[in-house]
Amino acid sequence: MEPVTTELPRTPGGDQTRPVPVVLPRRLGDYELGERLGEGGMGVVWRATGPRDRDVAIKVLREHIAHDEQARTRLRREVSTLARVHHPRVAAVIDADVDGPAPYIVTEYVPGPPLDQVVDERGPLGGEALLRLGRGLGQALRAIHSVGIVHRDLKPGNVLMVGDDPVVIDFGIAQVADDARLTMTGMVMGTPGYLSPEVVEGGEVSEATDWWGWAATIAYAASGRPPFGRGPLTVVLDRVLRGRLSLEGVDPQLAPLLRAALDPDPLRRPTEAQVLDGLERYARREDVTGALPTWMLEPATEQVPSSAPAADVDVTRVHRAPERTRVAPVRSQPHRGPIPTPPVVRRAEESGPPAGATAYPLQPVGVPGPGERGGPDPRLGRSSRTGTLLAMLVGFVGLAATAPLAAWGLFAGWGVVVRTVDRSLTSLVLRRHEAGRRRSDVPVLVVTSPWHLVWAVLATALSLLLAAGLAAIMAVVGAGVLSSTQVVPGMAADHPVVVGLSSAVGAAIAWWGLASTSLRRGSRTVLRGVVPRGAPTLIVGTLCLVGGGLLLGWGALEGGPVSWWPLGPDFDPRDLVPNLY
């Protein structure tokens, strides 16, 4: 029997910039390899025949995983965990060998096309078909959550349709090999319009994340359009973070439930029980708003046209399919004790696709990072450092109330640094996602850093031009209104309180305005790296709060003009705009 030849990256010690041929035997364990079905950054998927002539899909892991003992250990642990998911609406893990020279995972075939193909060919789903889809996906998520894991990448491409019933697939394995691919920016690879806001920003991942994906998938099936539109990656992710979605084409009776489930804030989303209750009400043609608290029905999203892809996006270009789902533990699940780790995991049922049906390979399971199951993934469960950032804002406002140029100078410097860090690490994430870890990663990062710095300077300049300009206008207008209405007679635009408050508004505009995603994500990344959790965070937060409060209070009590250091005591910004006075 002739061997199978494929191309895999070299091991970490070699030059991985070019693939090299690797010869695999025609048989792996009990499975005879057939045609190659596809490949991704983590491995190659083969069609194979197993015992009882059952058709299966085998994913052979790439060498940089095979040579990583820690990756094998994590994979061994998690395969047994994920094999506990047994439900008709979830594709099963059949077998695995993580100890051999060519580690592999055996998965089921699912005899049906992906949901996005069904919608493209037949049009949006409605009526009973949409209900069956929603119920089936809900049942799948409950089964997945019951063993203490989160799918985290539910989307139309990860749902195969067997008749009118969905089957959830694709527990990817990318986390096994290279933590840096997912974590250095808090960014996760996947289809951007179906990544939840907390995944995009590296925040807490919980069951609510999957119900967000449920709503996005149902919205697509009901309308035939991605709920957050199409276009460049950064544009779509920004819509996700802001909750700017379009439910055009969705049944108005179902839209309130989907809109609530797609809220950017996980705490504002309906629970699993509320989602399923709303779906059953919709099935009975009742008002779904009865399943939701009143505050969830307040419009928290901005409609965005579901237009064609942006002109600069070549939608016909073929890209290598990314490793799809990364599975993270459910934060709220209790620890269930040690997990047995048999070398091979099998499922009792042995059933293949019906005769004549087109078989689609199930992608192998995903494995979380070094955190034990039952606890948060240390990468994806990281704090967003909101408290520290708010304390820094107080410090900025206090400094701006006394020395605004110094405060805005520090703000600009911070923006340049964190944007450079975010841009550089994001490029590394994308590079490693495409081709794995390579010896050229660090040199390429160094060579491209000047470009990232230039981009950060330009982005910061444009952002602060708008933010500081609006803050200055607010200071002038606010002081004029207060003075003219005799609320605070003689209030000047350079009064410390006026300057401090207007600077706070300007900082908020910069935080949520132009190029703000990189600013927010980079700020959190830098804080996590520079200020560890615990005492350092407490010290930094306290210093910012106390210092900012004292400076603001001193400025309010003194009431004199602010200092325009470092430009000197004779500088007066009003001289730059004499027509305003």
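For all residues, glycine too, the Cβ spot is worked out from N, Cα and C.
According to TrEMBL, the feature region 'Disordered' maps to 1-20 (among others).
Annotation comment: TrEMBL describes 31-283 as domain 'Protein kinase'. Summed and averaged per residue, pLDDT over the domain 'Protein kinase' (31-283) gives 80.
The ATP binding site annotation in TrEMBL covers LYS59.
Annotated region 'Disordered' per TrEMBL: 325-382 (among others), in sequence order.
A Cβ distance under 8 Å defines the sequence-distant neighbours of the transmembrane segment (389-417), meaning residues of its chain 6+ beyond its ends; these are 453, 456-457, 459-461, 463-464, 468, 496-497, 499-501, 503-504, 507, 510, 519, 522-524, 526-527, 540-545, 547-552, 554-556, 562-567. Feature annotation from TrEMBL assigns transmembrane segment to 389-417 (among others).
The annotation transmembrane segment is assigned in TrEMBL to 453-477 (among others).
Same-chain residues lying 6 or more positions outside the transmembrane segment (497-514) and placing a CB less than 8 Å from one of its CB atoms are 393, 396-398, 400-401, 404, 407-408, 411, 415, 459, 462-464, 466-468, 470-472, 474-475, 478-479, 482, 491, 520, 552, 555-556, 562. If you look up TrEMBL, you'll see 497-514 (among others) marked as transmembrane segment.
Positions annotated as transmembrane segment by TrEMBL: 535-557 (among others). A Cβ distance under 8 Å defines the sequence-distant neighbours of the transmembrane segment (535-557), meaning residues of its chain 6+ beyond its ends; these are 385, 387-388, 391-392, 394-399, 401-402, 496-497, 500.
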Non-local residues, at least 6 beyond the ends, that sit with Cβ under 8 Å of the transmembrane segment (453-477):
408, 411-412, 415-417, 419-420, 423, 493-494, 498-499, 502-503, 505-507, 509-510, 513-516, 518-519, 573, 580
Neighbour tally for LYS59 (ATP binding site), based on other Cβ positions within 10 Å of its Cβ:
27
